[in-house]
Amino acid sequence: MLLLLLLLQLLVIGSCSPPRCDPRVRGFCKPREQQQKPKCTDVMLSYCSDMSYTETVFPNLAGHRTREETEGGAEYLLLSVVEALLGGKCNPDIRMLGCSVLVPRCEKDVALKPCRATCQAVRARCVHAFEAIEMNWPYFLDCDRFFAGEQEGCYDPLEGLHAKQDADDYDSIEMLLAEEPGTTMKFVYHSNTQMNSILKATEERCPEIARTYSIGRSIEGRELLVIEFSNNPGKHELLEPEVKYIANMHGNEVVGRQLLIYLAQFLCSEYLQGDERIQTLVNNTRIHILPSMNPDGYEVAASRAQGSNDSGDDDGREGQRYAASEIGRNNAQNLDLNRNFPDLTSIVYNRRRQKGYRTDHVPIPDYYWFGKVTPETYAVMKWIRSIPFVLSASFHGGDLVVSYPYDLSKHPLKRNLLSPCPDDKVFKFLASAYADAHETMSYESARCGSSRSYSQKGTVNGAEWFSISGSMQDFNYLHTNCFEVTVELGCDKFPPEEELFMGWNENQEALLAFMEAAHRGIKGIVKDEAGNGIKGAQISVRGVRHNITSGENGEYFRLLTPGIHVVGASAPGYTKAMKKVRLPESIRRAGRVDFILVKIPDAQDQDNRTMEAYNRFDPYNQYERYTLMADVHSREERVEKPWWWNYFVQSGGPSPTWLLKHY
């Protein structure tokens, strides 16, 4: 009985259910929507309007179902800005290649795939342009995935270019421009990521003469990247002087940072083009360029500068600009890197009344290691000690002058006072080499800033102008064989981008002339009677209380002014040798002066405690303490987004992480 009731209930329910839809019976019920087949439709995307065909179809090859979905995607946004992103390179090739995927050619309601061979040719030519801005090759331009072979009936997506000849001419012009240094230089401010990308791209372009290497990391884990130029990169060559340029020590002083980026590009481009002067310089000098010693400070300064530029309020802008000008000066620990080196100048002043006191290779006092030594300073000190640098310049902003040691005043109260070092004549000569080659620095009418009262033809003694302790240039002179000056590039520390081109033109010749000054003076090898080089021999100049010590294989470099000098060489256990040297004004290459020292029979070991103390770098193994925070930041795998990232994020769609190289 129960079974019968259930059957009756099912019959009632079945009779009450609505009948099936019959398209022949109008209004009885709503017919089901049938899935429409793809049909060819007009190409209506403005950035793809110059394709050789006029009809496309959706879904497209990238999976976008509608024109609106395509227009709102990061893929189409990329095509709309690719010319600006790549600096005009590979346009319209990339745009038309992308359009062939986003709005593919349609024939008989079927999407045709573009030819794989065309995609591969464009990729080979243009992938470096994407790498230069730290951007992945776009996924929708994957030649194997979205493109087809000729046997599959593909078409050339670039056939829309006006004519084959025009395309060939375009490629020729592009190659020509790529070799022109002016087109590879972008006179805009570069982020840390962009800067490192440019240096690595330059290394890639000139692998036979360029090499990048890291000397450490900042407190926030940013790499301190150096690019080196030499005809034998990575190796010290006998009797070839080593030169270094350092910029952006103060994060808010940015012109030098940009100049060194341009200099790296310039050296590479001009060398490839056969410029005789550049090839001679690179082949006979090992050049090291550190564009940013304080990348953390730069990030803060650049962010603040961008904020002030976006402000539309004119009231009090000058005051705000002045206040903002100091933002980012220090590193992330709020320490001034140009006050963070060991104060060896005070040690020299305190010992100057002692007989035979030295002003070279002054050891770092033990107490220094228990202060606040930044990872950036530590990295640069190790770098300075590991390479036999001869000449150096550090680039700053806030004035227009070249200053030279000493930086610390010999006044008992450390007030500003002319405080020349033993090599005062040499430093004046070196400072003038830069200032005179600069377009305006040596002119009295070009003076600006607080150095105006003290400078002479664009040069000034550091302590007379502004006394400071713990400076990098004093450390170079008193601790190593390296002679360093400080170049102030202008009173505006963070000038508008439109002034960068002028800054490069004003400094280009000076940057080259100063490096060439490393070949002034004398150089040679100190040997024993058997012809073996003597390491650690002292090279002295009569009347100058500052010696240079020979390095590996007994080689030495001694910067000197033109004139007559009496030069000596000595080493423990050997007799001293003396020579008179005449350097003509016109000579542009270092004179070769070798010394042969005779071994003293049964000579007793002399007291060498000074050099033993000198060799005690970081004797208490404080390295981990100084670099701990940088290592922590590195382990956190903090990915710094490239400069173009915010543009794609602000578009409102999903974040296109496929564009990031290090995601």
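Heads up, the Cβ atoms here are built off N, Cα and C, so glycines get one too.
Among the features that TrEMBL reports, signal peptide is placed at 1-16.
The domain 'FZ' feature in TrEMBL is assigned to 35-157.
The disulfide bond annotation in TrEMBL covers CYS119-CYS143. Its Cβ taken as reference, CYS119 (disulfide bond) is surrounded by 25 other Cβ atoms within 10 Å in the chains shown.
Among the features that TrEMBL reports, active site, proton donor/acceptor is placed at GLU488.
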If you count, for each of the recorded positions CYS143, GLU488, the other Cβ atoms lying within 10 Å of its Cβ, which residue has the minimum?
CYS143
Please report how many Å separate the Cα atom of GLU488 (active site, proton donor/acceptor) from that of CYS119 (disulfide bond), as a whole number.
49
Summarise the domain 'FZ' (35-157) as counts of helix, strand and coil residues per DSSP.
57 helix, 13 strand, 53 coil
Would you mind giving the whole-number mean pLDDT across the domain 'FZ' (35-157)?
89
